[in-house]
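Colleague: Below you'll find the structure I mean.
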Ligand code: MF3
Ligand code: CO
């Protein structure tokens, strides 16, 4: 049972405002959904305005790092060189790459090519070639706050089929994003993402999903894409999480490589991922990193 706060007590969110003027109505609303049997966010998943402002700044750095590297993601560059650029730009902007040393991950960025699903490790041996598609997944710690987003890049002349997969993967994220609203549900985005991928003959990886983020790199809730509308966790203002569906051209099955990090498609088909970091606002959503 959660502690009942007096109307004049300081709010549990840490805003230092009176509970009555802060999250009292919010709590009533959440309780209402809970009584109807819905899964509801815990107080730990709700950020206060100061935290949101700080996480927003982290997200801006993250997006700026991705912007800065864009012109270099071309034929002939190695993923090791991309890693150096990401590291340098992040430091230059006052941040720290969140991935570097995270659970002993050895690099500052994940670079996943073609049939690599995610968590590709940059290497001096991996040279970008004409026709490759690559995901660059960046995450940043800025003034102790975390952000995370990723984009796909096409190297040179990419086949029509691969370009279509890249486009549909991006559409999946955008369609999911548009479902984000207070008092909606995580299943709302899961359903549209799943449907859009399947409509194009693709599949969505089930084992890997998005996550809460902000005070730490990976926080609850976990964001999967198998949901049905009006099911799954309730969305409430102040929640921050990533939407990062992985779409495979073939089957959804994946396997983990010997390096312990990188996943590949089981059937060798191409795989794409776009990742956006989003805040649930009072009237919809705000993109914090893309
Ligand atoms: N941005 C990736 C994710 O959220 C980072 C994975 S952790 C790493 O899944 F160590 F592999 F970088
Ligand atoms: Co992520």
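One is the number of the first residue shown, and numbering goes on along the chain from there.
Every residue gets a Cβ built from N, Cα and C, even glycine.
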Colleague: Would you identify which residue of 130, 132, 137 TrEMBL lists as part of the divalent metal cation 1 site it also attributes to 148, 275?
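Modeller: Among 130, 132, 137, only 137 appears alongside 148, 275 as divalent metal cation 1-binding in TrEMBL.
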Colleague: Among 92, 171, 244, indicate the single residue that TrEMBL lists for the divalent metal cation 2 site containing 148, 211, 275.
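Modeller: As annotated by TrEMBL, 148, 211, 275 share the divalent metal cation 2 site with 244, chosen from 92, 171, 244.
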Colleague: Measuring Cα to Cα, how many angstrom lie between residue 275 (divalent metal cation 1 binding site) and residue 244 (divalent metal cation 2 binding site)?
Modeller: 4
Colleague: Kindly point out which of the binding-site residues 119, 218, 244 have a C-beta less than 6 Å from some atom of ligand 2.
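Modeller: Cβ < 6 Å from ligand 2, in sequence order: 244.
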